[in-house]
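Report on one structure; see the data block that follows.
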């Protein structure tokens, strides 16, 4: 770390909860401490949640960003990749750790990795990372993009964004820096990141040739990849599917090639009128990544950047090539996931998942959104979360977040949180729709707290306790309001849940606690009214008495 940096980061537990650990036995007698966020309910019970925040929410942890986070136990560097070891029937320390995190069996984790339907991004040189899995059999994950640009940001700001994003649930981070101090920025992020870190090596390679794509070479790119592998990057986006013959297919698009990596490689192919060096040297690239157990994230350089271009010939031609490259990577023991679009209207989203599964041997799908409409700049975290929820239900394993600044500028701290929360909603909605084990438990716990007017429990169980409390307290800030049987929306007279509870209390008081009892009460009431009608001479209309 050659650059002096003094980041200011947020630490300490999330409101209403504490950092806790579950100890599980790993291979070779290693004890693994699996992190979780423990919510303390007013009922006296605890509710445990998946936690991505690392030591930053642990009040007992010593945080020194200049030193970095401690290495995880059980790390093995000389036994091959997670894919190779899974195929050999081995349950690694990472698999045991993940099984405890996901509430699944270690055998399931191993089998999904062995089949190529899940990946464990865990570079041997990133021991600070807490193991996680990306695959459709597991909870849908969320990636947060950070990184500087030539125009703005600093190392300190990007480290802060990383800590902030993981606090709110980012499962992985991608450092997409394109400005100054790319190597140093990545080093600070890696040494302090509790989650896997991904990159797009072509960005740094382009910076080395002063931004001229035509000056790129395989040798320069290869050395950049090795440099990043040595640092500890866990997965790399490689746009090896952008072939020379596919570039003309984008000519009539509304928005052309919108992927930075895709446009760089398209420019190189056209300038040299040769096939992409990423494609022609792919097997050598596999050998490099296998040495470090770095996961391929095969990039969708020809993804659609507008609704008009969704599911076109260029997009799916590249996807077919990514399927071919997937087979090659797996043959070299390298883990693979596939990147997906982009901008896709809702009725065309599922086709993307089905085709990816068919062409790419069910390798985990990792999608940017997709945005379901193009008309809402400043709200693209919403337009894309709509598409993200649909594609998650269909089988996408990881969602790359989109922030409100998409298409407008570099996201700041607030944008990062807004993007992460929007995508945690989409991911969880996808898990619910898939019937993922345990997904509904949190919904049930929060709904029960809502019905019982346990306001503090509602806040603590939510994705964003701080904002939930803030919104409630804007109109009812007094502490007694935290136990009140209403909020400022309906007030004490019109709260549907309070009225429902009153009805239930009345029913309980009068023994109406079953369908049979209610039916009997109804019959008795009808009989009473029938007798009353007879007593009045069976007359429909009675004279008015003064």
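Here the Cβ of each residue, glycine as well, is placed from N, Cα and C on the backbone.
The model shown is predicted, which means the values in this text are computed figures rather than measured ones.
Among the features that Swiss-Prot reports, substrate binding site is placed at 145, 174, 203, 239, 259, 260, 261, 300, 301, 302, 303, 339, 366, with the record citing sequence analysis. Residues or ranges marked as Zn(2+) binding site by Swiss-Prot: 343, 407. The feature [4Fe-4S] cluster binding site is assigned by Swiss-Prot to 487, 490, 495.
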Pairwise Cα distance maximum in Å, substrate-binding residues per record: 145, 174, 203, 239, 259, 260, 261, 300, 301, 302, 303, 339, 366: 20
Nearest of the binding-site residues (259, 303, 366) to residue 407 (Zn(2+) binding site) - Cα to Cα: 259
Nonlocal residues around residue 366 (substrate binding site), in sequence order (Cβ under 8 Å, 6 or more apart): 134, 143, 297, 337, 338, 339, 340, 396, 397, 398, 399, 400
Binding-site residues compared (303, 343, 407) - the one with the fewest other Cβ atoms within 10 Å: 407
For residue 301 (substrate binding site), the three-state class that DSSP assigns: coil
All-chain count of other Cβ atoms within 10 Å of residue 301 (substrate binding site): 33
Neighbouring binding-site residues, C-alpha within 10 angstroms of residue 343 (Zn(2+) binding site) - of 145, 203, 259, 261, 301, 303: 303
Residue 261 (substrate binding site): secondary structure state under DSSP, collapsed to three categories: helix
Lowest local Cβ density among 145, 203, 259, 261, which the record lists as binding-site residues, within 10 Å: 203
DSSP three-state assignment for residue 203 (substrate binding site): helix
Where residue 407 (Zn(2+) binding site) sits in the secondary structure, as DSSP reduces it to three classes: coil
Conformational class of residue 343 (Zn(2+) binding site) under the three-state DSSP mapping: strand
